[in-house]
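Student: Below is one structure. I have some questions about it.
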């Protein structure tokens, strides 16, 4: 599944994943190949190299892959210089006893494992960064700092008091918090899920969102099904300790609740605290049923996602009305 990519990107990703599965590849292979295709194509600039520069102009990547049979997870955050983030995530899972590597050390690990290091910047990302600087670094993610982050690029220092009013709400850019999220289920009922993203545009350097976190970005359990999402990870990941939106959705499906209802329940939980958040979830169970839900905003009223199964001759674009 994927939110907000144009039809060409979504079609190519679904075909790549399905072809991998159809040719005898595992569900993990299909997830990796599908996400890699999106990384190569730089889907809408929100996945892969050359997109979402941070405050210093650098593009960094987050990714995660989960094996629903073994509950193993591999993830990377703030990955630098390596284009194939989902591949590195799988290597973390299969070539180490760890789950999550971040920052420069994750990049060094990837290089040691044979991944090619190169500059992730492109003319497009450099132009995005230059334009942002020329517009006084607007928008940004700073608050309660000096100088005024709504008017200045900084450098910033803590403001004199924490009692300042929170920053005004900014217009939501639905392409500024985007992720490729995939759920793959084969005929044997094996489930895998994965994500890949270059994170929030103009993020504070070092920021890692929900995408590479199991239970926040995606979740897979071969006894039930899986879930994956896109949206504002800084908000969505806050619900992991209390009621992980994806874990909750999967557990509801385990109890026999249909995927659409499970997805809506997860979105409603977050909406209760953050009614203006941007986010969407796709859920699928091992019987082949699937569904999705999204939080309705003035600029985001429908959520498109792609489905490819044995009953279709090719990828099918589905759309759900947001709640």
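Using the three backbone atoms N, Cα and C, a Cβ is placed for every residue, glycine included.
Annotation source TrEMBL lists active site, nucleophile at 179. The substrate binding site annotation in TrEMBL covers 207, 208, 209, 210, 230, 231, 232, 233. Taken from TrEMBL, the feature signal peptide covers 1-25.
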Student: Among residues 207, 208, 209, 210, 230, 231, 232, 233 annotated as binding substrate, what is the maximum Cα-Cα distance? Answer in Å.
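Tutor: Largest Cα to Cα distance for the substrate-binding set is 16 Å.
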Student: What is the separation, in Å, between the Cα atoms of residue 209 (substrate binding site) and the residue listed as 'active site, nucleophile'?
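Tutor: Here the two Cα atoms lie 10 Å apart.
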Student: Among 207, 230, 231, these being the binding-site residues, pick the one whose CA is nearest to that of the residue listed as 'active site, nucleophile'.
Tutor: 230
